[in-house]
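**Q** Starting off with a structure, shown below.
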Amino acid sequence: MNFHEYQSKQLLAEYGIPVPAGKVASTPDEAVEVANSLGKGPWMVKAQIHAGGRGKAGGVKFCKTTDDVKAAADKMLGTKMSTYQTAGVELPVNLVLVTTAGEIVKELYLSILVDRGTKTITYIASSEGGVEIEQVAAETPELIHSLNVDFVEGVQGYHGRDFGFKLGLNAKQAGQFASIMVNLYRLFNDKDLALVEINPLAILDDGNLYALDGKFDSDDNAAFRQKALVAMRDKTQEDETEVTASELDINYVTMDGNIGCMVNGAGLAMATMDVIKLNGGEPANFLDVGGGANKQRVIEAFKLILSSDKVEGIFVNIFGGIVRCDMIAEGIIAAVKEVGVKVPVVVRLEGTNVEEGKQLLRDSGMAIIPADNINDGAKKVVEAVKNAA
């Protein structure tokens, strides 16, 4: 789950990490009220969407007067915004964050994440903040520093001070940096986060460090014990079909192609998409119907796939271990009848009760195309889509 900047800053402040004073507003007049409550300007007005790169898209404005604040908020609120991170998708701007604005002396980068390669929690820091860390890694990798956290020792003050000096900070600032690192570690663990990125972590004209922007990503597997974080979810920022899928507990990700996929198991689902592409097709989605799939779940999966008008064919690829192929076949038949599927459907079944499942499909009288294996199925669905065009 992703978070808005203002939500990230609330959590950072809760854990003693300094952020500029600010508050969200939903109307231009509210934005002016917030600005006045923060004292004398200047101020920053920032559109709240689940994406970075807002500045280049006109979503971050420096304002010297309250008239500027009102004009900036009026221009942003109620619009839709896309950035280089949204892949052309426009996200609604329902809120703006109004904060105090100090003069930036230096921008740094700091993040904490789970490094699956080293199987540790890892810090990444750079003296080059305010830009994409991938760009820094490609052009000046020597400016990136990392620390793998020992689970027994945890993060200590000397780790942060050492990091701070590597980034060119003075003694006072290195001490602040150490405090931020220690508090960030507590936040990361307490809230079951997968990523916290502070970019930039800036030195302002008062000589102190502030988190000017924060990007959070939580571990959805821990949602059951992080009710406060779940309550922060903004579904207006998410793909509508993906929201519906999450409510049905179906793993679904929208993609750009025209061949819908219904598969059980994440690994098989990814392999299915790969084989479709190898055969000249483009998957329209990732959909893992799960190992405990039943008839109703299959029907709901078909509805999700066909909610996109881009889908011109469907490939059902099921390996029945826990799930029974005959039950999947019943679900496919029911779905085709109930949903009124008008695109080619290719089905590959293997595993438990596979012969019973295939017989049900044959006896259904429906134009369901059988496949012997994953490659055969991918070829047939790509061909069927081309022939139907």
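Cβ atoms here come from the backbone N, Cα and C positions, even for glycine.
Copying in the features that Swiss-Prot gives for the protein in this structure:
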DOMAIN    9-244  domain 'ATP-grasp'
BINDING   Lys46, Gly53, Arg54, Gly55, Gly102, Glu107  ATP binding site
BINDING   Asn199, Asp213  Mg(2+) binding site
BINDING   Asn264, Gly321, Ile322, Val323  substrate binding site
**Q** Have a look around Arg54 (ATP binding site) and count the other CB atoms within 10 A of its CB, chains all included.
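**A** Step by step: centre on the Cβ of Arg54 (ATP binding site), count other Cβ atoms within 10 Å, giving 21.
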**Q** How long is the line from the C-alpha of Val323 (substrate binding site) to the C-alpha of Gly55 (ATP binding site), rounded to the nearest angstrom?
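**A** For Val323 (substrate binding site) versus Gly55 (ATP binding site), the Cα atoms are 49 Å apart.
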**Q** Once near-sequence residues are set aside, which residues in the chain of Asp213 (Mg(2+) binding site), 6 or more away, have Cβ atoms under 8 Å from its Cβ?
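**A** The list for Asp213 (Mg(2+) binding site) reads Glu5, Gly52, Ile198, Asn199, Pro200, given in order along the sequence.
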**Q** State which of the following binding-site residues has the fewest other Cβ atoms within 10 Å around its Cβ: Gly102, Gly321.
**A** Gly321
**Q** CA-CA, which of the binding-site residues Arg54, Gly102, Glu107 lies nearest Ile322 (substrate binding site)?
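**A** Looking at Cα distances from Ile322 (substrate binding site), the smallest one goes to Arg54.
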**Q** What mean pLDDT does the predicted model reach across the domain 'ATP-grasp' (9-244)?
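**A** The answer is 94, the mean pLDDT of the model over that range.
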**Q** Hey, how far is Gly55 (ATP binding site) from Gly321 (substrate binding site), Cα to Cα, in Å?
**A** 50
**Q** How many other Cβ atoms sit within 10 Å of the Cβ of Lys46 (ATP binding site)?
**A** 25
**Q** With every protein chain in view, what's the tally of Cβ atoms within 10 Å of the Cβ of Gly55 (ATP binding site), excluding that atom itself?
**A** 15
**Q** Whole-number Å only: compute the distance from the Cα of Arg54 (ATP binding site) to the Cα of Asn264 (substrate binding site).
**A** 37
**Q** May I ask which of the binding-site residues Lys46, Gly53, Gly102 is closest to Asn264 (substrate binding site) if we compare their C-alpha atoms?
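**A** Checked the binding-site residues Lys46, Gly53, Gly102; minimum Cα distance to Asn264 (substrate binding site) goes to Gly53.
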**Q** Hey, what's the widest CA-to-CA gap across Lys46, Gly53, Arg54, Gly55, Gly102, Glu107, the ATP contacts in the record, in Å?
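**A** If we measure all Cα pairs in Lys46, Gly53, Arg54, Gly55, Gly102, Glu107, the largest is 20 Å.
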**Q** Restricting to the chain of Gly53 (ATP binding site) and a gap of 6 or more, list residues whose Cβ falls under 8 Å of its Cβ, or answer none.
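**A** Listed in sequence order: Thr83, Tyr84, Gln85.
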